[in-house]
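Contents: one structure, followed by commentary.
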Amino acid sequence: MEASSGTAGPAVLLLILALLLTESQGSRSQGTHTLRYDVTACFLEGSEQTRLLVLIYVDDELFLRYNGDRRSAKPWACWIKGHGGDETCTREAENLPKEEERLREMMADMINQKGHDKGPYTLQATLDCELQRNGSTRGFWHLGYEGRNLLTFDQKTLTWTMDVPFTQQKKTFEPRAPKADLVKTFLDETCPARLQRHLASLSNVLPDTGSPVVIVTCRNYPVGRITLTCRAFNLSSRVATLLWLRDGKPVQQDVFGPGTILPSGDGTYQTWVSIRVLPGQEPQFACNLRHSNRTIMQTAVSGESMGWPSASWATRQEAEGPHRTHNDHVVDGGLVTGNANKDSPDASSCATASAISAFPVVVLSVALPRAN
């Protein structure tokens with residue numbers, strides 16, 4: 001998308017609507033990378049100006065934020081700032097005015113057709129490409145109106161398809177949609193090339209997170225059950241396996257957790273997994289973390305600390321407050337807060353929580369999953 005002229009007014013209203021028909025991270029295979037643009041344009045009644053906001057994601061994590069009023073993009077992830085982020089932002093800012101102009105024209109046609117009966121109106125565009133492990137690519141381009149999908153580009157037929165509720169408006173919107181050859185070029189070539197460039201940039205800004213930290217806590221219940229919870233912090237990528245072992249063998253029964261690796265917001269990742277056991281069985285269980293070519297084993301109950309969290313993790317805890325309180329079971333990274341999860345552990349209600357950090361740490365070359 002090349003730069004073009006167009007003027008956006010003062011930032012009076014920026015609306016961020018639900019993402020349009022994007023795939024969840026869990027449906028993507030390991031080694032797949034994605035680049036997605038979520039574009040929202042708002043037209044205010046009685047005004048000829050458009051307010052535009054673009055959120056740019058790499059591997060489903062907010063990467064850059066573009067403000068159409070200022071025609072500028074800013075790095076969103078704090079660990080990107082100061083590491084080539086300005087150059088990346090400038091390049092992205094040069095690419096977006098064309099899409100802004102296209103949405104403005106579509107919106108003007110829509111307003112004229114509806115006769116200015118209400119406002120504000122919003123149009124959305126989602127541009128998404130995937131880079132597979134084997135080097136193949138695929139892409140998605142959706143246009144939406146008022147938070148509902150309006151047009152979807154079919155890469156097989158190279159045509160735009162429209163949802164049933166908007167069939168009567170097809171003559172208004174479809175002529176303003178991007179031409180098929182431009183969409184195909186963007187999804188097949190431009191977007192994957194940008195994604196590869198972003199991944200290359202990110203490979204140079206991986207923060208020194210220190211060692212992974214594994215913490216095991218437990219909680220007693222009056223009914224005679226105990227919940228053991230294993231938490232892993234300071235993960236340098238989403239590629240990690242955390243599981244419970246009983247006498248050295250993996251356990252699946254009575255195990256629960258988020259089932260995914262979650263971002264901590266500082267360039268690191270975290271996750272947790274819990275298991276319900278009977279009193280006295282604790283010594284039979286151990287938590288196993290596999291991450292960055294290392295395996296960390298932590299027993300369920302050791303009665304004493306097995307190591308120290310890394311410096312960066314400890315510093316973050318000191319700045320953000322206690323990781324765990326009686327009423328706020330987990331506040332770091334927002335995994336579980338307050339009493340939302342009745343099975344969330346309270347370290348004070350069972351044996352002393354134990355922690356282990358692995359040394360030496362093996363740091364990956366990028367902060368995102370890389371194909372083997």
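Yeah, the Cβs are placed from backbone N, Cα and C, and that goes for glycine too.
Feature annotation from Swiss-Prot assigns signal peptide to 1-26; the stated evidence is sequence analysis.
For CYS78-CYS89 (among others), the entry in Swiss-Prot reads disulfide bond.
Counting only same-chain residues six or more apart in sequence, the Cβ atoms lying under 8 angstroms from the Cβ of CYS191 (disulfide bond) belong to LEU35, LEU127, ASP128, CYS129, THR137, GLY139. What Swiss-Prot lists as disulfide bond is CYS129-CYS191 (among others).
Among the features that Swiss-Prot reports, N-linked glycosylation site is placed at ASN134 (among others). According to DSSP, ASN134 (N-linked glycosylation site) sits in a coil region rather than a helix or strand.
What Swiss-Prot records for 192-302 is domain 'Ig-like C1-type', and it gives sequence analysis as the kind of evidence.
There are 26 other Cβ atoms within 10 Å of the Cβ belonging to CYS287 (disulfide bond). Look at Swiss-Prot and you will find CYS230-CYS287 (among others) tagged as disulfide bond, backed by sequence analysis.
Within 10 Å of the C-beta of ASN234 (N-linked glycosylation site) there are 24 other C-beta atoms, taking all protein chains into account. The N-linked glycosylation site annotation in Swiss-Prot covers ASN234 (among others) and rests on sequence analysis.
In the three-state DSSP scheme, ASN293 (N-linked glycosylation site) falls into the coil class. Feature annotation from Swiss-Prot assigns N-linked glycosylation site to ASN293 (among others).
With helix defined as DSSP H, G or I and strand as E or B, the domain 'Ig-like C1-type' (192-302) counts 14 helix, 53 strand, 44 coil. Calculated from their C-alpha atoms, the gap between ASN293 (N-linked glycosylation site) and ASN234 (N-linked glycosylation site) amounts to 15 Å.
Secondary structure at CYS191 (disulfide bond), as computed by DSSP, is helix.
Distance from the CA of ASN134 (N-linked glycosylation site) to the CA of CYS230 (disulfide bond) is 34 Å.
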